[in-house]
Every structure is written in structure tokens, then in C-alpha cells.
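See below for the structure under consideration.
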Amino acid sequence: MSDLKSLLSSLAHFPSTVRRLLTSGIVIQVFPLHDNEALKKLEDSWYTRFTLKYQPLDRIRGYFGETIALYFGFLEYFTVALIPMAVIGLPYYLFVWEDYDKYVIFASFNLIWSTVILEVWKRGCANMTYRWGTLVMKRQFEEPRPGFHGVLGINPITGREEPLYPSYKRQLRIYLVSLPFVCLCLYFCLYVMMIYFDMEAWALSLHESSGSEWTSVLLYVPSIIYAIVIEIMNRLYRYAAEFLTSWENHRLESAYQNHLILKVLVFNFLNCFASLFYIAFVLRDMKLLRQSLATLLITSQILNQIMESLLPYWLQKKHHVQVKRKVQALKADIDATVYEQVVLEKEMGTYLGTFDDYLELFLQFGYVSLFSCVYPLAAAFAVLNNFTEVNSDALKMCRVLKRPFSEPSANIGVWQLAFETMSVISVVTNCALIGMSPQVNALFPESKLDLILIVVAVEQMKLMAQNLKEESREGNKEEEA
């Protein structure tokens, strides 16, 4: 057993070799065992005792590494940043909840909030990674992906023999297969969206004809069904996107991840938000927009909690009982404690990275920043969800999944750009909603051109301010370098 542990620890220092062995099927699994004593101390200070306090990020980093610690740091920061929106949104909802058009003030606050929180996070992230010693990491030479294949040849840059694959073949696969498939999936999600609107029209007509209490409840059924369908489509598309991106045969892991994230984000954005944009700017039905946003947000949060944490934890508990029975039945002279731990943890799920966790927060940020001005309780529900998300994710990392190898990180990577892009879209959306509001239209009863010009000017000033911040930050980095 000690020889096995030393072999695994030595393999952990050669991730590319291990990945190749796993890909070829020579090695089935390689994972570090949980340190039960250290894990118990971490759990006691993290999630087992429900108290309103900050997470022990330094301890999380010491046990799981910087990448996972940064995710929990961002989750904590984003939850705290949502509290002002929730505090303002609750009385705003209570006082004007019957008037769906009084959203100008909240939309204006939304404009500022969606930009400021991302700028403040960059400072907090830099402070954490500076303390951990990963703020300035030297960029290492990136090895080819284990799944990359091609004809053996000499790399003209490194001079080493490795598989080579023509770039034009990869481009053909991307533009002739992957791109049409993504467009087809986008068309299908728009087709499903139109079916949802037909269901909404049917439920509304039934309610207007009968006017009973059960038909008033029926009004929420199409949105609930649509929210469930959205979650199913997102998960199915994720598997297809992973298969296509792997089939494109990208040489580097970073290129693979960039193409995968682009595919998934485009589809998830359109699938989750297309109906809300259609209701807001085509139908211009603020009551339906509020109802749809509330149903989509709450239903997606409940489904994610069940699928990501509660169901895997329940299955893991059942498996744990079966393993204990098998170990007790053994009469062999072995270290039963270590054997039980190995057997138990090898059946645990493998942590596939922070992709799904950041994606969930990205969509939540979209729901809050884009249209929460017509449903101010969106931030409050997001805060409640994230308080439980911290504990459920911690439980998932400690008791449901294998312990992952730690990975150093200087920031949250490409997700920072994704959140900033969503922030820019929220600026445009909130400016358009402000321009559509009856209060603003009443100021320009005769000339709509003046109103359009003012809205565009405000929008451009906001975007210019964001660009100036980016340029000043890049300039500071160059001066420091």
C-alpha cells in the first residue's frame, strides 16, 4: 500500500504523462485520497456549523488549491455584492409591484451595480492571489492535449517528434460541421421558445374564459415547463459541445477550453434569455416578463441544487453503506480502514473543474443584471440560493467527489471576460428599458428622436467609462512590468 501511495504521488508530478496513460487505458484512475483529519478541520470551519461568516479561503486553498479557492471566493463575493440589490429591491417590489412600468430608478441603479462589482472583484482577486503567491505566474510551455492525434513529425519550434495535424483540416471541421450544428441548435431553441409562447397564449385564454383559481395557477405552468426544458437542453447540448470540440482535434488544452466555452456560452445565453428579450422588446409585456423571469430563475435554482448536490450526496451515502458491509465481510489481513477509503473514493464522482459552477453564476448574473428592474426580487432569490450554494458546493467537494489535484491560478480566467461581456449587454438592455418606460416617454411626448439620442448617449458614455477603466488598468500593468 505504501508503494502504491508513493507511485501515485510521483505520478501526480507528471500530469501530461498521467493523462496519456489514462487516455490509452493503461491507467484506470489516478486521484489523491482525502486527508480525513485535515478534511474534518476544514469542514468544521466551513459548512457544518451554519453561521453567517466568511469562508476560510486560505484553508480551502491549502486543501484544494488556488483554482477552487478562487471559485469559492468569487461565489462569496458575488453573494455579498447581491445584498444591496436585494435590500433595495424588496421595498421597491412591495411599493410598486402592481405598476409594472415603474422601473426607471431600479434600472439606473442596475447600470452602475453591474459594472462596479466586477471592478471591485478584480482588486479583491489580486489581493488574494498576491497573498498566495500566484499573482504573477510564469507562463509554462503548454504540452499537447492527450486526446490530440495526428501523423508523427518534427515540431519546427521545439524540434521534438510529436503528432502533427494540419490547421486547415481543423478549420474545415469547425466551419463545415461544428458551426452549422451550433446554428441548428440555436434555431431549435428558438423553435422551442415559440412553442412556449403558444402555451402561454393558451393558458391566458383559458384563464380569461373561466376566471377560476385553478386557471390562475395554470398561468405559471408553461413557464415552469419551459424552465425544465431549458435545463434539459443545456445539459444535452453540453455533451454535444464537448464531443464536437474534442473531434475538432485542438492541439492545446487552452484552445480546446476556449472553443468549448464559446460554444456553451452562446447556446446557454440564447436558450435562457431569448424569451425574455422577446417579451421585453417585441411583446413589450412587462407583466409577462416579470412572471417569466421569476419562474425561470427560481426553477433553475431548485433544479441545480437537486442535480448538483442533493442527488449525488444521497447516492454516495447509499454506496458508503454498501462498502462498509463488504469491508466487514472480508477476512483478509489488510488495513481495512485504508482499503475502505480507497474502495469508497474510487466510486466517487470525478470533479471536472469549475466550468459548470462558473456557468451557473454567469447565468444568475444575467438574470439579475438584465431584467431584474421589472422583478426586483431576483437579487433576493439569488442571495438565498447562493447561501445554500456555498454549503452544497462545499459538501459536494468534501463528501461527494474525489479530491482533485490542486491547480495554481492567478484569476478566474476567461470567466472574467464572460462576466464583463454580460455587463456590457446589461448596459444596453437597461438603457433600452429606460427608453421604453412611460415616465421617460412622457418627457418627450412629441419628439421620439430626442429620446433615442439621449438613451444612446447615456449608453455610449457608460461603455466608454468601462473602456477607459480597462485601458488605465492595462497601462498600469505595463508600467509595473
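Cβ from N, Cα, C; glycine included.
Annotations in TrEMBL come from automatic prediction, not curation.
Annotated features, as they stand in TrEMBL:
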- 60-461: domain 'Anoctamin transmembrane' (DOMAIN)
- 68-97: transmembrane segment (TRANSMEM)
- 103-121: transmembrane segment (TRANSMEM)
- 174-197: transmembrane segment (TRANSMEM)
- 217-237: transmembrane segment (TRANSMEM)
- 260-281: transmembrane segment (TRANSMEM)
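Nonlocal intrachain contacts for the transmembrane segment (217-237), taken as residues 6+ away from its ends with a CB within less than 8 angstroms of a stretch CB, comprise 185, 189, 192-193, 196, 199-200, 202-204, 206-207, 264, 267-268, 271-272, 275, 291-292, 295-296, 299-300, 303-304. Residues 54-55, 57-58, 60-61, 105-106, 109-110, 113, 117, 120-121, 124-125, 128-129, 132, 354, 357-358, 361, 365, 368, 372, 375-380, 382-383, 386-387, 389-390, 393-394, 397, 404, 406, 409, 411-412 of the same chain sit 6 or more residues outside the transmembrane segment (68-97) yet have a Cβ under 8 Å from a Cβ within it. Sequence-distant contacts of the transmembrane segment (174-197) (same chain, six or more residues past either end, CB-CB distance under 8 Å): 222-223, 225-226, 229, 233, 237, 240, 244-245, 247-248, 259, 263, 266-267, 270-271, 274-275, 278.
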